[in-house]
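> Got a structure here, written out as structure tokens. Questions coming.
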Amino acid sequence: MASDAEFGRRRRCCAQDTPDVPKVPDSRGDSDGPRRGSLCDRHCAAINNVQGDLGDLGCHLHCPRVPPAMSTPSCYQQHSEEVCESCVVKTTLTAENAVEANKLSNNYKFGFKKWKSHVTARPWEDRSEIVKELYSDLNVIRGSGGSTLTCGNVLYLLLFGWWLSLLYVLMAAVMFVTVIGAPYGRFCWDLAGYFLWPFGKVIQKVEVPKSHQAATGESSALLGGPTPRRWRPQCWAGTGYWHYASTVVWLCLAYPVLALAHGLVCVTAWLLIVLIPVAKLSARATSRVLLLPPERVLIRRLKMTEVPLEGEVIVCCYCAANPYYYKYAVDGINVFAVNLLPLVLVTLVLGYADSPNHLTGSAVKFTLALLSIMPLSYYIGMAIASISAQSNFAVGAVVNATFGSITELTFYITALIKGSREGNRCYAEVVKSALTGTLVGCVLFVPGLCMVIGGIRHQEQRFNSRSAGVSSALLFLSVGGVFAPTLFSKVYGKLVCGECHNVTQNPLGHYLCHNCHFDLMDNNGTLYYSHVQPLVYTVSILLPAAYLIGLFFTLKTHTHIYDIHVSDCHMPGHHHSAVVHWSRWRALVILLLSTLCMSACADLATEHISPILTNSTISQYFIGVTVLAMVPELPEIVNGIQFALQNNLSLSIEIGNCIAVQVCMLQIPILVLFTIFYPTNFTLVFSDLHVYASMFSVVLMNYIFMDGKCDYFQGTVLVMVYFILLAVYFFAPSPSGC
């Protein structure tokens, strides 16, 4: 994900740069069409002369906001709404290569996973200076860098500097005691002062005279250059027994301790992410500085106007922390996903090796399993995007349909299997709560949060209301179909109550009852098996069919709704040859391995959720709606926020809508199909709370998205309604059967 922050997408009017882009005629069919079309053309032609950069967005829009200098206030106020309504949907994608353009085009296709991270590497010369600094080695000397007294440097001193310097002082004392290692003792003493405050200082490798270099046979550094015929560490480069003996003492006594300390610093700083420069500093010190002979190392403080003397600069660090390292990526993988990957291994080893819970309890293992789902969801998402970008449309559609919901389905199926084996209906209720929580969260929380964060940077954001209308229509259809069996049971079911008490002490008086529900199994289940179950199967067939029709509508017959074109106007310096991070086979292997690990983590989560459901005072509704529903969607939420920050709210909204549609039209029918072959306690009859919350959320979302524009206030409304529903679930009693 860092690579996507390095290089982005740019929104500009590109009509004069891309003459080959076909014009889409106005398809509204009203009598006012020609007048609007000509007005839009004149307006867009006027603003096409402006080539202002509107953000790191990778696509060119034909109708950005017009600066005041380009139009008179009266003309702009009169025609801005009319023009933007018709030409804001005309989008031209501009990318560095064909693979990246294919990925960007897939983001706008219904049913495809929306992925912000780039799947190809961007040329170094096209990256911003901030990103270049992230990936540069610590061997560049600046001119005047200003003061080195910063909060990040002070944090380094408090976390690592003082004890690392003290350790070097102790090693210096040890080397002086050995007498023969006195040169290395002086070396450690100098490094103690350096690592106490390394900022604004430089470590150089002093050149050796050619005569001495020929005598020793050394021609390269330890970690670079040609390898001599008989390899020796550089610290053995001296002649005579004295140098050899002192080197042996150094490598046996001091170097292992210092390497271990620097390794600890490197791992800790890398996990903190913002301190990655400290990790680079420690790694370079261990692999280069400590393996050089003392006479070839020069430590000096840089002055403001001083230019270093001859010699290779090994380490030169000015700051210990950089807040932009959240953009850092390793082989296209965001640093957060890299750091969370060991957590998956710890979860699997601890979960299966410590089955009796001797080391940790069920709560810890359940938490670790849920946290492990987040990086696995990221790897699955990037693998799907990589395969789709490098394949044709048919392969991409199959991969997205097959693995697009694999994260959620894996957990739901394992939970239903465990509940069936134990005869516990609580697992089925938790799955229903998770399904409802995903639906409500993706309809309210995801777009609302994106509107709030994007509205902080952009006063008003516009989006393609026609494409959002397609998703909204499918969402209305899917919600109605999913809850049709529930409404049917409310009409024809028999109300059964338990724990009834006579309030008035009169047999004919009022009764107060608890745990009331509609019983569908009365008269040996005739109502359920003869009426409700066939309705469930019918709905489970119609919903995927409607999903396929939606795909055909948006991707085949009505593609002009999105109006996506791939432009040839590449930015200067871009290379047309794609250097992909993951090849198709590599992405496929990672996809399968991530799916396998996801199944194992889901199994551990369902294995250790039972004590939490039994002993927790929190409603099982709340656990399913929040934790189990939204944790797997965190990578999608991050993608939506990034799109919103770059003023591309259309994709932020589509992320939530597509997930919600897939929950109703794919995930629930698959679960119903699964119960046919593996009987479970899952029935497509939801509680009243789930029905009301879902329907209210869909209606509110469609009302907010009606005009095709929004701001942070409307996003705040959606987020507040979502938290109100969470409060309702929090105080709701546990479902029957739990």
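Placed from the backbone N, Cα and C atoms, the Cβ positions cover glycine too.
The region 'Disordered' annotation in TrEMBL covers 1-36. The compositional bias 'Basic and acidic residues' feature in TrEMBL is assigned to 23-36. Sequence annotations record features per position, and here TrEMBL assigns domain 'Inner membrane component' to 151-201. Per TrEMBL, transmembrane segment is recorded for 154-180, 248-278, 333-353, 359-381, 393-414, 434-456, 468-488, 535-555, 587-606, 618-638, 659-678, 684-705 (among others). What TrEMBL lists as domain 'Sodium/calcium exchanger membrane region' is 364-484, 587-729.
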> Could you check whether the transmembrane segment (659-678) and the transmembrane segment (468-488) come into contact, where contact means at least 3 Cβ pairs under 8 Å with the two residues of each pair 6 or more apart in sequence?
yes
> Which residues, given as numbers and ranges, are at least 6 beyond the ends of the transmembrane segment (359-381) yet have a Cβ under 8 Å from it?
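Sequence-distant neighbours of the transmembrane segment (359-381): 1, 113, 115, 333-334, 336-337, 340-341, 343-344, 346-348, 350-351, 403, 406-407, 411, 590-591, 594-595, 597-598, 601-602, 604-605, 607-612, 627-628, 631-636, 639.
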> Could you give me the DSSP helix, strand and coil counts for the domain 'Sodium/calcium exchanger membrane region' (364-484)?
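Here the numbers are 105 helix, 2 strand, 14 coil.
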> Using DSSP, what's the helix, strand and coil tally for the domain 'Inner membrane component' (151-201)?
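Summed by class, the stretch gives 42 helix, 2 strand, 7 coil.
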> I'm a bit unsure how to read this: which one of 248-278, 333-353, 434-456, 468-488, 684-705 has the highest number of Cβ pairs shorter than 8 Å with the transmembrane segment (618-638)?
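It is 434-456, which has the most Cβ pairs under 8 Å.
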> Same chain, outside the transmembrane segment (333-353) by at least 6, Cβ under 8 Å from its Cβ: which residues?
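Result: 1-2, 117, 270-271, 273, 276, 325-326, 359-360, 365, 368-369, 371-372, 374-376, 378-379, 382, 581, 597, 600-601, 604, 607-608.
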